[in-house]
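Below you'll find the structure, written out as C-alpha cells, and then a few comments.
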Amino acid sequence: MAGGGGGGGGEGPRQLDQTPTWAVSTVCGVIILISIILELIIHKVGEVFERKKKKALFEALEKIKNELMVLGFISLLLTFGQNYIASICVPSRYGHAMSFCGPYDGPSEDDRKKLKKTDHAMRILYSVQRRSLADAPPVNCKKDYVALISLNALHQVHIFIFFLAVFHVIYSAITMMLGRAKIRGWKVWEQEVIHEQEMMNDPSRFRLTHETSFVREHVNSWASNKFFFYVMCFFRQILRSVRKSDYLTMRHGFISVHLAPGMKFDFQKYIKRSLEDDFKVVVGIRPELWAFVMLFLLFDVHGWYVTAVITMIPPLLTLAIGTKLQAIISYMALEIQERHAVIQGMPVVNVSDQHFWFEKPDLVLHMIHFVLFQNAFEITYFFWIWYEFGLRSCFHHHFGLIIIRVCLGVGVQFLCSYITLPLYALVTQMGSTMKRSVFDEQTSKALEQWHKKARKKNEK
C-alpha cells in the first residue's frame with residue numbers, strides 16, 4: 001500500500017506547478033529581502049569609506065564586490081548547466097580514478113549505533129544514502145561508462161562556492177582589523193616624537209652611532225655570524241616585531257629622505273594608509289590563485305597526502321617573510337654602525353630597495369597575498385567538508401592531523417595579519433620610492449610645493 005493521496009507523507013517531490021503560490025512567493029520574498037539588506041550594508045560601508053576619504057579601503061571594497069560577482073557568475077553557470085554537466089559520461093576507468101575518498105563500504109554496526117544518537121549523525125547517514133542514489137549511472141550512459149559528476153555532487157560544489165564567498169569577506173575583514181589594531185599601537189610613539197621634536201633637533205644631542213638604542217638592539221656579537229643573525233631575526237618577529245627605536249629610526253629616515261626638514265608629518269597615519277593600500281592588493285583573487293584552487297582540488301586524492309604538504313607552505317612562507325623583514329631592519333642598523341660617525345638626534349638609515357629580494361618590495365607583498373589566500377581557502381575547505389560530510393568523514397581519516405592543520409591556519413592568519421603585514425607596511429617605506437597615492441590631498445599639495453621650491457633652488 002503506497003499511501004496514495006491521503007496523508008502527504010508518501011508523496012514524492014513536487015514540481016513548481018504543484019507548489020502553492022504562497023510558498024513560492026514567501027521563499028522568493030525572503031531571499032530577495034536578505035539580498036537587498038546585504039547590498040545596503042555593503043553600500044553603507046562604501047559610503048563611510050568615501051566620507052572618511054579612505055580611498056584605498058573603498059577600492060578594496062569594490063574589489064571584494066567584484067570577487068563576489070565572479071563567484072555569483074560561477075554559481076549561475078552551475079545552476080543553469082547542471083543538467084547538461086550531469087549528462088556527460090566518461091569511461092569507468094577514468095570515472096573512478098583519483099577520488100577524494102577510498103572505496104566506502106558504509107559504517108559498521110557499532111558505528112551505526114553511535115551515529116544514531118545525534119541528529120547530526122543521522123544527517124551523515126542520510127547524506128551517504130543520498131550520494132549512493134545520486135551517483136547511479138544515468139540512463140543515457142553506455143555500458144562501462146559513468147557520469148562525469150552527479151547532480152548531488154554539483155549541488156555540493158554549489159555550497160562550496162557559497163562558503164568561498166562568505167569566508168572571503170570574513171577573512172578580509174579579520175585581516176584588516178588585526179593589521180589596523182597593530183598599527184594603532186604605534187600612535188603613542190608618534191605622539192611622543194611630535195612632542196619631543198624640538199629636543200630631537202637640539203644640536204647639543206651628539207652621540208656615536210653605536211650608542212643609539214636602535215643600533216644597540218640590533219647589533220651584537222652574534223650578528224657577525226650569518227646563521228645566528230637569521231636565528232635572531234626569526235625569533236624577533238615573533239617576540240617583538242617592531243620596537244620603539246625601530247619605529248622612530250625608520251620614521252626619521254623616511255622624513256629625512258622624502259620630506260622637507262622640520263616638516264610636520266604624521267608617520268603613523270601614513271603607515272596606516274599604506275597598510276590600506278596594501279590591503280587593496282591582498283584582498284583580490286588573481287587568476288593564478290584560481291589556478292592554485294584547481295590544483296589543490298585536483299591533487300586532494302585519497303592516499304596521496306599532497307594537501308598535507310601544501311598546508312605547510314603558509315606557515316613556512318610567513319615565517320620566512322617575517323625573518324627577511326627583520327633582517328632588513330638589522331642590516332640598516334649594521335650600516336649605521338659601519339659609518340663610525342657622530343650623529344645628531346636620531347640616526348639616519350639608508351633608504352634603498354637593495355635589501356629586498358631581487359630589489360623588489362612588491363614581491364614580498366605578493367607572497368603575503370598568496371599566504372593569506374591559501375590559508376583562507378584551506379580553512380574554508382575544512383568548514384565546507386565539516387558541513388557537507390561531517391567532522392569524521394573520509395576526508396578526515398587522520399583527525400589529529402586535521403586539528404593540527406586548523407590550528408596552523410588560525411596561527412598563520414594571526415601572524416600574517418597582525419605581525420607580518422604591518423611590519424611590511426613599515427619596512428617597505430625604507431624602499432627607494434614612496435607611495436604618493438596614500439597621502440591625503442593637503443599633504444600631497446604641500447609635498448608638490450616643496451618639490452617645486454627645491455627644484456627652483458637647484459636650478460639657481
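Every residue, even glycine, has its Cβ placed from backbone N, Cα and C.
Membrane sidedness, as given by the topological domains in Swiss-Prot, differs between Arg93 and Leu365. Within the same chain, the transmembrane segment (316-336) packs against the transmembrane segment (399-419): three or more Cβ pairs sit under 8 Å, each pair at least 6 residues apart. Under 8 Å from some Cβ of the topological domain 'Cytoplasmic' (43-67) lie the Cβ atoms of residues 168-169, 172, 176, 273, 276-277, 279-280, 283-285, 437-438, 440, all in the same chain and six or more residues away from its ends.
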